[in-house]
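Asker: According to Swiss-Prot, the protein has these features:
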MOD_RES   LYS4  N6,N6,N6-trimethyllysine
BINDING   ASN113, THR163, LYS167, ARG285, HIS317, SER369  substrate binding site
ACT_SITE  LYS165  active site, proton acceptor
MOD_RES   LYS191  N6-carboxylysine
BINDING   LYS191, ASP193, GLU194  Mg(2+) binding site
ACT_SITE  HIS284  active site, proton acceptor
SITE      LYS324  site 'Transition state stabilizer'
Amino acid sequence: VGFKAGVKDYKLTYYTPDYETKATDILAAFRVTPQPGVPPEEAGAAVAAESSTGTWTTVWTDGLTSLDRYKGRCYHIEPVAGEENQYIAYVAYPLDLFEEGSVTNMFTSIVGNVFGFKALRALRLEDLRIPPAYSKTFQGPPHGIQVERDKLNKYGRPLLGCTIKPKLGLSAKNYGRAVYECLRGGLDFTKDDENVNSQPFMRWRDRFLFCAEAIYKAQAETGEIKGHYLNATAGTWEEMIKRAVFARELGVPIVMHDYLTGGFTANTSLAHYCRDNGLLLHIHRAMHAVIDRQKNHGIHFRVLAKALRMSGGDHIHAGTVVGKLEGERDITLGFVDLLREDYIEQDRTRGIYFSQDWVSLPGVLPVASGGIHVWHMPALTEIFGDDSVLQFGGGTLGHPWGNAPGAVANRVALEACVQARNEGRDLAREGNEIIREASKWSPELAAACEVWKEIKFEFPAMDTL
């Protein structure tokens, strides 16, 4: 008879409320804001269609394949409480729609085209359920939390870091000097800022050499293993690998990548190189707020965090809850658990739409960084626990006596908080008291307490449910 040409409603094909999801399906939760007059079922079905097999009209080649096998299905829709004309649309995608081991392909399919769709006023991807059948096709983090602790020989406490400031303008020699002072004072890591790549005032090779010198000198003096996140991000993938190879030849423990500006393809390749060559990989999330800050449009950071765990990274920045950068406590802890734990139970109060089973994929250390100082230490220790990296840039380098005393202040504050917690004290209630007690026998900490006693960044978090 031929096929029936013409345009038909998406919901006739792609809205299937009686569908039972399979254990191998990738499940997505979208926050959909339809245009006026578009029913939510049609909007949800349109999302399922445009992010899987559908197009705007019936095509004769539909008859050459099994749509039932390959189409995305919108299987449930619920209104968002307290919001007008917003719905959560749940979509199930058959696994065969995706290339194995490619975050790039997964995102191109699920969010590649549909966000510009005219029938929608706005669209946000809130969460993804990655089935083990798919996550098992990824290497994941180069090493993971336990292997990193074993490499560094550091247990039972969060790790301490510091971003070297001013982020741009220092010569390589002075930069290395700042690194040495911080590491000598008691930090575990120092860090290249995300936009430190290879600029005219400091070429990458010079920076790598002076930082390596600083690391070895500080290790010799303190007897502890030290590291500096050498930013390998570059304009081409070949150049990035060249920098990672040089870092490996210097014998340093860790390199760094800006995974959103660098891209998932480059990130996954770098993660593979890092595992094969014993390098840890620190991930910075520069550009994330462009994608995740709007409440009704874009992609929530928990999805970007899951994608990073699949693509590969040993550390990733994840907000502070208490500093100058974004993060509501329950929601932040939700995606922190998604980064660290093997199995995470569905919990809508924390923004977790699906239970996620990572099976044996290594975990990622969350990094708390941005506007934090010694007075925040009890809260950070309590909120993030041992498996985290606490990074104080200005909170180290802004110390009135210099970098090394700034590092000493942070290390003393951290050790005091960990000891108090281990003795059963309540960090949330007694935090200030614990810091004050410790500062009595640490002049460096006392000076830091004095400088930052009044600093607060008091704005409400945007990232609410």
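Glycine is no exception: its Cβ is also placed from the backbone N, Cα and C atoms.
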Asker: Tell me, if you would, which residue among LYS167, ARG285 (binding-site residues) has the fewest other CB atoms within 10 Å in the structure shown?
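Answerer: Lowest Cβ count within 10 Å among the binding-site residues (LYS167, ARG285) is LYS167.
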Asker: Let me know how many other Cβ atoms fall within 10 Å of the Cβ of HIS317 (substrate binding site).
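Answerer: The answer is 22.
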Asker: Counting other Cβ atoms within 10 Å of each residue's Cβ, which of the binding-site residues ASN113, THR163 comes out lowest?
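Answerer: The binding-site residues ASN113, THR163 were compared, and ASN113 has the fewest Cβ atoms within 10 Å.
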Asker: Between ARG285 (substrate binding site) and GLU194 (Mg(2+) binding site), how many Å separate their Cα atoms?
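Answerer: ARG285 (substrate binding site) and GLU194 (Mg(2+) binding site) have their Cα atoms 8 Å apart.
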Asker: Counting other CB atoms within 10 A of each CB, which of the binding-site residues ASP193, GLU194 comes out lowest?
Answerer: ASP193
Asker: Looking only at Cβ atoms, how many others are within 10 Å of the one on LYS191 (N6-carboxylysine)?
Answerer: 29
Asker: For LYS4 (N6,N6,N6-trimethyllysine), just count the other CB atoms lying within 10 A of its CB, please.
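Answerer: Here the count is 8.
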Asker: Quick check for you: of the binding-site residues ASP193, HIS317, SER369, which have their Cα within 10 Å of the Cα of LYS165 (active site, proton acceptor)?
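Answerer: Matched binding-site residues: ASP193, sequence order.
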Asker: How many neighbouring Cβ atoms, not counting its own, are there within 10 Å of the Cβ of SER369 (substrate binding site)?
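Answerer: Taking every protein chain into account, the count is 25.
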Asker: Counting Cβ neighbours within 10 Å across all chains shown, tell me which of the active-site residues LYS165, HIS284 comes out on top.
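Answerer: Of the active-site residues LYS165, HIS284, the most buried by Cβ count within 10 Å is HIS284.
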